[in-house]
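**Student:** Dumping the structure here so I can ask a few things about it.
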Amino acid sequence: MPETATHCHAPDCEWLRLKTVTGLEHVQPLLPNPELSGIGVILGFSVTAYLTLLLLILHYVTVYDPRRVSSRGKAYTNPVDRDILTYLRERVISYSPSRRFEVAMEKSVLILSDAQLVTGLAILISGYSQLKCGITAYHWQIMVFIAWFSSFTYLSSMTFLIGYFQTNNSMRMIRICFMFILASLLITALLPTGSDNWLDLTGIGGDFYPSLSALCYYKQLTKDSYSHGGPRIWSMVFSVLVVSISYIHSGIRLFDPTSELTRKYLRAWPGRHIKRLLHFLERRSRRQGFWKVPYLLVYAIFIFARVSCDLIASMLVEIIWLTFAIAWGTIKVWDTRASAGYNTERQYVGANKDVLEEDSWSFGQTLPLVLLLLPLLSMAQAYLDNDAKAHGDAKATGSNIRTERNITLHPTELSSIHIGESPQDTIPNPRNSTSCSISRCNHDPSLFTAQSQTPSISGPKTSFHTPHLPTHSPCSASRSPRLPQHPYGPFARYPWYADHILLLLMQILFMTGFALFLLNILSNFLGISAILRNRVFLYWILVMIPVASFLHLSIWYVAGWVVNTLGCEAWLKGYPKKEGEEDRDRGTVANTKELRWWKRPILGRIVYWSLRMVLVNGLVLFTFFVTLEVAGPDALAFNT
């Protein structure tokens with residue numbers, strides 16, 4: 001009975017009448033609550049989230065198909081996912097998953113997504129049930145961020161299973177209902193964290209009292225003392241917006257897998273007007289040379305916007321965002337536990353001996369880790385059960401039949417056979433969003449294997465159809481690089497476009513890693529809004545990334561002019577300068593031994609790829625260091 005009394009007591013909210021929360025007397029000490037913040041509970045929940053992340057990465061690399069098909073049969077393929085997956089599956093892993101493996105992966109993602117749903121609901125419901133028992137702000141924050149990365153893992157799993165839910169409408173509606181419940185509980189749980197007094201280690205709202213009841217902060221929501229516009233309220237608002245937008249976005253994609261609606265109004269409509277302007281400037285630049293400057297400037301803006309849209313819509317960025325959300329939640333959980341070592345004057349005095357009891361491995365802490373075997377066993381069963389075997393046997397049988405049919409009908413034309421051209425491949429199948437080996441599909445060419453009409457020297461591993469290239473400006477005596485002209489079709493085949501995608505992707509990764517590094521240092525004191533409002537990140541995002549993109553495109557344009565002037569394009573692509581046209585088509589390197597060492601094509605390819613990588617990496621470092629320089633000597637001074 002005495003132990004129960006210490007864990008459940010009526011909240012004392014008398015401090016709400018004070019102007020500043022300092023010098024409080026008779027404050028309940030911070031006591032352990034292993035049911036919510038025990039070491040085993042935290043590890044059990046977080047390991048499941050990280051296991052789901054690893055499975056989603058494996059699913060993306062081996063099984064995921066970027067080709068989306070809407071309910072009306074319209075298909076859309078994200079060029080970023082398509083090109084990266086084609087490169088990985090042809091050049092890196094060279095693995096062709098069986099249909100059995102694809103079905104098992106789909107079921108495994110579904111199992112872990114359900115586990116994350118139950119985890120998020122369980123931890124939130126447990127926290128709400130203890131509000132009247134005086135659950136502390138310390139334990140409430142741990143509970144919120146465990147639910148935070150569980151909910152985002154669940155959302156990403158839903159995105160990966162879009163194809164599955166297209167053919168299972170009832171399951172889709174059930175998941176939508178649970179998504180709404182989980183989002184509502186999480187947003188409501190985030191509201192008290194915006195108080196100036198919430199776990200305040202900055203001194204803005206008074207002294208540091210982690211043992212104050214979370215229920216009191218809910219009562220403070222309607223009072224003027226709740227917030228005066230400090231970093232806490234902005235962090236809470238940002239968190240609520242992120243959760244709301246993420247859930248709305250995921251819900252829309254479950255019903256609109258190709259993002260047809262959003263692309264129509266957010267991409268196609270403004271893109272149509274920009275193309276008209278480009279076409280106007282293009283015609284003018286042919287007649288009058290000074291129109292070339294605004295034409296190239298608008299062209300660079302158009303390319304930057306197009307690459308940004310492709311990246312935002314890609315599943316790769318979804319994985320990066322999920323990784324950031326889980327890492328951010330993990331940092332907040334463990335830094336909150338570390339804050340128990342501070343006294344009321346915000347001085348670190350060492351570990352709290354009472355709270356250290358949460359690190360003891362009791363029955364309640366061991367059980368969550370043992371229960372991790374359940375999803376692992378379910379995943380093994382998904383691969384070994386009869387349904388998965390039947391899918392694998394059916395695919396193998398169908399493949400053998402198609403192969404025999406092709407050999408029978410065209411015994412002398414084996415070299416012209418393209419894998420993936422059977423009639424059923426032309427029928428839109430919504431389940432293809434989770435089950436296709438992209439390196440075997442020829443509906444879209446690979447950026448890395450078909451950048452030009454000329455085959456690579458080594459020869460591609462897979463045959464692809466060569467689609468119609470966007471038209472270029474007519475060849476003339478001008479040595480200016482030829483840019484794709486109106487109607488400005490897909491640019492994914494061009495190396496400068498691929499490098500631009502890589503540049504923005506590396507900018508995102510670099511900035512994400514740097515933000516996590518700073519958040520790991522500052523999360524005990526300031527929220528994420530301090531990062532977003534800091535001038536380093538404002539300069540970085542709003543100024544330097546667009547500038548670096550413009551420099552990248554400008555350098556490519558100048559390099560094209562130099563290459564055309566020197567006539568060394570064939571050498572850079574790996575072909576002898578005076579090679580016959582017939583040999584060039586076959587990708588041969590005849591008579592290379594007779595050339596001097598600096599004229600050999602292999603050296604040209606090395607120089608070509610080295611310059612491309614140096615340019616991309618150099619611009620990333622340039623962006624970072626110039627941002628720090630422009631932001632000033634106090635660039636990393638975070639205002640409280």
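For all residues, glycine too, the Cβ spot is worked out from N, Cα and C.
Remember, predicted model here, so these are calculated numbers, not experimental data.
Heads up, here are the entries from TrEMBL:
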{"type": "TRANSMEM", "residues": "39-64", "note": "transmembrane segment"}
{"type": "TRANSMEM", "residues": "109-128", "note": "transmembrane segment"}
{"type": "TRANSMEM", "residues": "140-161", "note": "transmembrane segment"}
{"type": "TRANSMEM", "residues": "173-191", "note": "transmembrane segment"}
{"type": "TRANSMEM", "residues": "233-255", "note": "transmembrane segment"}
{"type": "TRANSMEM", "residues": "289-305", "note": "transmembrane segment"}
{"type": "TRANSMEM", "residues": "311-331", "note": "transmembrane segment"}
{"type": "TRANSMEM", "residues": "501-531", "note": "transmembrane segment"}
{"type": "TRANSMEM", "residues": "537-563", "note": "transmembrane segment"}
{"type": "TRANSMEM", "residues": "606-628", "note": "transmembrane segment"}
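I'd like these features described in context: how deep, what's nearby, how far apart.
**Tutor:** Sequence-distant contacts of the transmembrane segment (109-128) (same chain, six or more residues past either end, CB-CB distance under 8 Å): 35-36, 45, 48-49, 51-52, 55-56, 59, 135, 139-140, 143-144, 146-147, 150-151, 153-154, 157-158, 160-161, 164, 175, 178, 181-182, 185-186, 189, 374-375, 378-379, 382, 434.
For the transmembrane segment (173-191), the residues of the chain that approach it from at least six positions outside its boundaries are 117, 120-121, 124-125, 127-128, 140, 143-144, 147-148, 151, 154-155, 158, 165, 218, 221, 236, 239-240, 243-244, 247, 250-251, 254, judged by C-beta separation under 8 angstroms.
Same-chain residues lying 6+ beyond the ends of the transmembrane segment (311-331) with a Cβ under 8 Å from its Cβ atoms: 46, 49-50, 53, 56-57, 60, 64, 66, 78, 80-81, 84, 145-146, 148-149, 152-153, 156, 159-160, 259, 263, 501, 504-505, 508-509, 512, 515-516, 519-520, 523, 528.
Long-range contacts of the transmembrane segment (537-563) within its own chain (CB-CB distance under 8 A, at least 6 residues past either end) are made by residues 296, 300, 303-304, 307, 479-481, 496, 499-500, 503-504, 507, 511, 515, 531, 569, 572, 611, 615-616, 619-620, 622-624, 626-627, 630-631.
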**Student:** Tally Cβ pairs under 8 Å between the transmembrane segment (140-161) and each listed stretch (39-64, 233-255, 289-305, 606-628), then give the stretch with the top tally.
**Tutor:** 39-64
**Student:** Could you give the residue numbers and ranges of same-chain residues that sit at least 6 residues beyond the transmembrane segment (289-305) on either side and whose C-beta is under 8 angstroms from one of its C-beta atoms?
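**Tutor:** Distant Cβ neighbours of the transmembrane segment (289-305) are 271, 274-275, 277-278, 281-282, 483, 488, 491, 497, 500, 546, 549-550, 553-554, 557.
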